[in-house]
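Below is one structure, written out as structure tokens, with a few remarks after it.
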Amino acid sequence: RETNMYLSKDSCSLGPHELYFKKLSKRKNQVMEKNGNNRKLRVCVATCNRADYSKLAPIMFGIKTEPEFFELDVVVLGSHLIDDYGNTYRMIEQDDFDINTRLHTIVRGEDEAAMVESVGLALVKLPDVLNRLKPDIMIVHGDRFDALALATSAALMNIRILHIEGGEVSGTIDDSIRHAITKLAHYHVCCTRSAEQHLISMCEDHDRILLAGCPSYDKLLSAKNKDYMSIIRMWLGDDVKCKDYIVALQHPVTTDIKHSIKMFELTLDALISFNKRTLVLFPNIDAGSKEMVRVMRKKGIEHHPNFRAVKHVPFDQFIQLVAHAGCMIGNSSCGVREVGAFGTPVINLGTRQIGRETGENVLHVRDADTQDKILQALHLQFGKQYPCSKIYGDGNAVPRILKFLKSIDLQEPLQKKFCFPPVKENISQDIDHILETLSALAVDLGGTNLRVAIVSMKGEIVKKYTQFNPKTYEERINLILQMCVEAAAEAVKLNCRILGVGISTGGRVNPQEGIVLHSTKLIQEWNSVDLRTPLSDTLHLPVWVDNDGNCAAMAERKFGQGKGLENFVTLITGTGIGGGIIHQHELIHGSSFCAAELGHLVVSLDGPDCSCGSHGCIEAYASGMALQREAKKLHDEDLLLVEGMSVPKDEAVSALHLIQAAKLGNAKAQSILRTAGTALGLGVVNILHTMNPSLVILSGILASHYIHIVKDVIRQQALSSVQDVDVVVSDLVDPALLGAASMVLDYTTRRIH
């Protein structure tokens, strides 16, 4: 497979950064091979001047050789059509390309205003051309103001743009224009690894970046074998020898025109003093070029015996001239880019190419007050031969570019995407973010532990705190206040907006007043306790309180399997047995807040004693306390443990030991679990016959051990009209905490409770 990183290295010698880019390039090659279009790709190549045509021509030739894949339209504009700049459109015709459109877009004046007016004129004329041609993609080169007009027009007319030579850094206004075109372009062909990294740093999609090398190098690297002496003699005279002349090409710097004209004047003075035959090319059409031409004529360059001043040299011939020159001087990008392929010495003047990557053949003269510094540079550089540089290409750019063009999927969305690095956005006023950060403090008062949690609107437990539940009222209420204050402070750091406090507790609760009326025996000193007032006064937040069974039902309604159901019942199977009833989407409390005490449904008139004072209740059979009681009886009679089991002396026998024994084949333990499950199943049958819910949810640590027995009892004992009601195990991890939170979140955000 062809790689698009033409600077090949053995993988084992690459650093981490280079390996990263190699992996990205491999992924991109896979994308390129996958894509493809079922019809010819209509490509519009727009060229503005002699310099960009030297880069675009190799691509155009490549497109022309594959008519089965491409249709080529050529648009010529800019200085190509101006006589003073050589009417360079003729060389396009000589290359046998059909020019579809000629656009006169240059407003003469060669100053800043003329450049702006030229861009405006191009923007006025281009829409008609693009409407007529309707290209699939437009190829735009470089950083000229004409190219900016082309890219702007294509982008606004929803035409895909392939930008050549993006990501490079030079100097002056060219950088700004180049990067502006990058932002408008959909695809990028860059010449160096640094340029590729710059494009990625500019948030361009790496899958749409091709590191191909400079297209002009495809011609440069095979140019030296041609007959060059006839070309040298034609432009510089019959008496000139190879390596004994200079090529000078200097353009105005549009951000500092006066200084660039001064540098040009000093350059000409130095060249006159150096006294070598010199080919001087006229500057481009940028603002300041008219003044530079005046300097040339003032110094008599056009008539000086050592100088040949020309407006244009065909690129093929220009290659031969710079390849065999003793030195090139000026500030053209050609000097720091293409000339390196031949090892010709270059003197780069001023700031126009200040950021370009250069080979060792380039000597920089950043500034000069007199001709002396430039003259010294000429003495240092003239006649040297440097190693050939391949920084900008290896001669295989065009095949890579054609392959890249074929990979473009015209079915992909036209809107380009930018790959921004992750940043912390200021989204505090975004409604989705506000809803995500709305949270509640949830408190669960269990028989053993006291838990406080920050719970989000989505039911995520952001942070949880657990302490042993103290035995006395004073210690317990102080610990609740302390844990809630700490959690509220932590919520601020976590960017959670606490809306209120919800408390889940065992026993009978008056939710309207926030008072625990009667607690279970598991929580001592917990009768007639006002929980709302002390928490509300301390935290300055609204407080809701309810029974743990009711909270489990509310958790299922908001976050669990009861979401969206009108009627369902939740049964908690834990240390005790509790539950909650949702009827017509509302929680049923009852006239004395005693509804859904499902653990105290009587399923046997002569059953075991229950903690409520009665006997034969579901809780007396199926609660964790009931199973623990039966496990102790078996253990005392040495009937609990089977092979593979042990109970350390310092560990109390629990319901879990009974369950473990049943799993290991203890018949008596299995019988106890079956009886407990049957009692629970009979209770569920009574619920079905009384409430006729659409769903029964078993919650708590014992639910999964009872579910199958409960379903068997329903099939055997329930009326046929309710046998289809589904019984499921809850998938909520902390129903008590989630239910406590749901009281807060439902009431404060939807005003439903």
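Backbone N, Cα and C atoms are what each Cβ position is placed from, and that goes for glycine too.
Automated prediction, rather than curation, is the source of TrEMBL annotations.
Counting only same-chain residues at least 6 apart in sequence, those with a Cβ under 8 Å from the Cβ of ASP548 (active site) are ASP444, LEU445, GLY446, SER504, THR505, GLY506, ILE572, GLY578, ALA736, GLY739. Residues or ranges marked as active site by TrEMBL: ASP548.
Taking a C-beta cut-off of under 8 Å and a sequence gap of six or more, ARG508 (N-acyl-D-mannosamine binding site) has these contacts in its own chain: VAL516, LEU517, HIS518, ASN547, SER592, PHE593, CYS594. The feature N-acyl-D-mannosamine binding site is assigned by TrEMBL to ARG508, THR520, ASP548, GLU597, HIS600, GLU619.
Using a 10 Å Cβ-Cβ cutoff, CYS612 (Zn(2+) binding site) registers 15 neighbours. Here TrEMBL flags HIS600, CYS610, CYS612, CYS617 as Zn(2+) binding site.
The domain 'UDP-N-acetylglucosamine 2-epimerase' annotation in TrEMBL covers 68-406.
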Residue among the binding-site residues GLU597, GLU619 whose Cβ has the most other Cβ atoms within 10 Å: GLU619
Winner by Cβ contact number (other Cβ atoms within 10 Å) across the binding-site residues CYS610, CYS617: CYS617
Close binding-site residues near CYS612 (Zn(2+) binding site), where close means Cα within 10 Å, chosen from THR520, GLU597, HIS600, GLU619: THR520, HIS600, GLU619
THR520 (N-acyl-D-mannosamine binding site): tally of other CB atoms within 10 A of its CB: 19
Distance check against CYS610 (Zn(2+) binding site) for the binding-site residues THR520, GLU597, HIS600, GLU619, keeping those with Cα within 10 Å: HIS600, GLU619
Zn(2+) site, defined by HIS600, CYS610, CYS612, CYS617: further same-chain residues with Cβ within 8 Å of the Cβ centre: GLY599, VAL602, SER611, GLY613, SER614, HIS615, ILE618, GLU619, ALA620
Distance from CYS617 (Zn(2+) binding site) back to HIS600 (N-acyl-D-mannosamine binding site), taken between C-alpha atoms, in Å: 5
